[in-house]
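Input: one structure, supplied below.
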Ligand code: PMP
């Protein structure tokens with residue numbers, strides 16, 4: 001059976017080698033006579049699987065010792081509430097600031113408003129002119145020097161890759177240089193997690209749903225500096241108090257065991273590829289190929305400001321939207337799956353995560369060229 005090229009934004013393509021290994025180990029993990037799904041989360045076999053996944057993740061991202069790494073449930077959406085419940089009163093002020101660059105950061109902001117004095121530090125929610133080019137709302141990133149971070153705020157939150165809009169932060173600012181030296185940076189890195197190196201020490205907390213680059217749906221990775229723990233609001237459920245989860249090494253209650261195992265296999269696959277620095281080079285090559293094709297034709301268009309275009313999620317529209325349905329039907333026939341854009345923005349979106357080989361991008365471009373020849 002030929003696997004199609006899968007451009008889904010998540011859950012999304014996984015490395016074939018990882019799926020094969022999981023299949024081989026399905027009935028009998030390492031001579032245990034059991035599937036990982038059947039193991040106690042308190043048994044030494046699963047503890048070994050979980051510890052290795054954590055250790056490999058630490059290696060991949062050079063996560064410093066003073067950070068806890070935990071696997072939780074509830075997705076990034078639950079983290080939108082869990083983060084403020086844990087951190088908003090870190091300094092006794094119940095205040096936090098949010099940078100809005102698209103739908104996901106806006107959702108995070110709205111959820112956080114339930115827990116304290118939550119304000120917008122900066123937003124790309126309206127059109128602007130950058131380098132002489134008019135940029136529509138949600139297609140650009142406000143410069144850090146224009147952020148209004150209140151020095152008393154517990155943290156400032158950003159979404160470092162907007163999965164729907166296709167906007168990616170190139171790096172994260174030093175908050176000290178913004179006049180808020182005691183404010184922590186909190187990052188939703190869900191959709192570019194493990195696609196490039198990141199400076200964990202810049203952030204107080206990073207969270208990511210696994211179902212894009214790191215594994216199957218059902219696992220959420222949280223990386224948190226341990227000195228931030230222990231300030232949860234009294235309403236915070238104990239299973240969502242990071243202090244408890246870090247202390248229990250992800251097993252405060254039954255964790256998503258099979259998902260953690262799969263995430264561990266993905267980490268091992270990444271290490272075998274040469275780590276995140278190597279996968280970043282492959283991701284740059286894939287993204288460059290697709291964006292340069294898009295920029296060379298007026299039949300298709302990506303609206304995002306060039307310096308912040310996502311390497312993972314590439315939205316594009318057809319000049320003539322009445323051709324959208326024909327484009328998608330033909331793509332499906334050509335084995336190119338899940339190219340429909342998010343319902344809120346329409347058009348198309350190609351998610352080109354770590355596990356999608358460059359051949360998949362080449363196949364997409366050939367199809368797009370052919371479609372343009374027929375309809376342009
Ligand atoms: N943040 C980002 C950047 C996302 O891409 C998504 C899911 N696409 C979410 C948050 C929400 O994740 P979940 O559905 O796992 O809660």
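Positions of Cβ are set from backbone N, Cα and C atoms, glycine also.
In case it's useful when we look at the structure, here is the feature table from TrEMBL:
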| type | residues | note |
| --- | --- | --- |
| DOMAIN | 5-364 | domain 'Aminotransferase class V' |
| BINDING | 42 | L-glutamate binding site |
| BINDING | 76, 77, 104, 163, 188, 211, 253, 254 | pyridoxal 5'-phosphate binding site |
| MOD_RES | 212 | N6-(pyridoxal phosphate)lysine |
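Each of the listed features needs to be described in terms of its position in the shown structure.
Counting only same-chain residues six or more apart in sequence, the Cβ atoms lying under 8 angstroms from the Cβ of residue 42 (L-glutamate binding site) belong to 251.
In the three-state DSSP classification, residue 254 (pyridoxal 5'-phosphate binding site) falls within coil. With a cut-off of 8 Å between CB atoms and residues at least 6 apart in sequence, the same chain places 41 near residue 254 (pyridoxal 5'-phosphate binding site), listed in sequence order.
DSSP assigns residue 212 (N6-(pyridoxal phosphate)lysine) to coil, not to a helix or a strand. In sequence order, 9, 10, 12, 163, 190, 191, 192, 193, 312, 351, 353 make up the list of same-chain residues 6 or more apart from residue 212 (N6-(pyridoxal phosphate)lysine) whose Cβ falls under 8 Å from its Cβ.
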If I restrict to non-local contacts, at least six residues apart, and a C-beta distance under 8 angstroms, what lies near residue 77 (pyridoxal 5'-phosphate binding site) in its own chain?
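Once residues fewer than 6 apart are set aside, residue 77 (pyridoxal 5'-phosphate binding site) is near 107, 111.
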Could you tell me which three-state DSSP class residue 77 (pyridoxal 5'-phosphate binding site) falls into?
helix
Less than 6 Å between Cβ and the nearest atom of ligand 1 is the rule; apply it to the recorded positions 76, 77, 104, 212, 253.
76, 77, 104
Across the domain 'Aminotransferase class V' (5-364), what is the average pLDDT of the model, as a whole number?
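Averaged over the domain 'Aminotransferase class V' (5-364), the predicted model reaches a pLDDT of 97.
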Pairwise over 76, 77, 104, 163, 188, 211, 253, 254, annotated as binding pyridoxal 5'-phosphate, what's the top Cα to Cα distance to the nearest Å?
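Between the most distant Cα atoms of the pyridoxal 5'-phosphate site, 30 Å.
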